[in-house]
Amino acid sequence: MTNAVTVKNITFQEGETLICVPLIGKTLDEILGNAHGLVDAGADIIEWRVDHFTQVRDMTQVMAALAEIRGALKALPLLFTFRSKKEGGETEISDEAYFALNREAARSGLVDVIDIELFNDEAQIHALVDDAHAAGVKVIMSNHDFHKTPAQEDIIYRLRRMQDLGADLPKIAVMPQSPQDVLTLLAATLTMKEKYATRPLITMSMGKSGGVSRVTGRLFGSAMTFGTVGQASAPGQIAIAKLREVMDILS
């Protein structure tokens, strides 16, 4: 049995799958326009993909934007994510800037969760996790493979490593090249949940063929899925209204 993780007014727990919707925009005006459209969309949590923001290298501008986003989203929980170029993001920044950006967001009092990518310097990961937790911010630790689906054992190893590094919510997203790859991701998720997980997991198989993994989290053990209102942030994301309908049918 995994321990539940509560973020504001939502709880990540076994047998439940929450819906996260990405907030994307290049300019502050575009971001805020999109943010207002998300408030009543039915999402459980919003992910600001700050790597799409053209001024992401200017910490002052990022924090100013974050304050306005926080106001626009009202009580909705907010996940702050800079997705690196190597894992499918829009912008490349230095490792130093990556950790500084996430640390500033965690300490700002404006975000509820930050995303830290697994494949980084472990000492820096440990320090950032500690800083986030000290600020009362939860940590999603993530890995994204946009080219393939690793072996089941490798998926499980990465999720367990995230747990060891202090993640509140380990996350992995992989790209299937065959139906068997989708089954590999689902089997890895179920095995992780039943044998090794001490906290909720987030897993998905991307692209159209991986869509089944986005709606069966309650069965296999993924505690969050990603839906869209407008622009998707990853291949295979489903419009939130359709996503919730299918999830309700399957539950």
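Cβ coordinates are placed from backbone N, Cα and C, and glycine is handled just like the others.
Predicted, not measured: the structure shown is a model, and the values here were computed from it.
Swiss-Prot lists H144 with the feature active site, proton donor/acceptor.
K171 (active site, schiff-base intermediate with substrate) has a Cβ environment of 24 other Cβ atoms inside 10 Å. Swiss-Prot lists K171 with the feature active site, schiff-base intermediate with substrate.
Residues or ranges marked as 3-dehydroquinate binding site by Swiss-Prot: E47, W48, R49, R83, R214, S233, Q237. In the three-state DSSP scheme, R83 (3-dehydroquinate binding site) falls into the coil class. Other Cβ atoms within 10 Å of the Cβ of R83 (3-dehydroquinate binding site) number 22 in total over all chains.
In this structure, the CA atom of W48 (3-dehydroquinate binding site) is 17 Å away from the CA atom of H144 (active site, proton donor/acceptor). Counted within 10 Å of its Cβ, the other Cβ atoms near W48 (3-dehydroquinate binding site) come to 28, all protein chains included. Proximity to H144 (active site, proton donor/acceptor), defined by a C-alpha to C-alpha distance within 10 angstroms, is shown by the following recorded positions from E47, K171, R214, Q237: K171. Of all Cβ atoms in the shown protein chains, 23 besides its own fall within 10 Å of the Cβ of R49 (3-dehydroquinate binding site).
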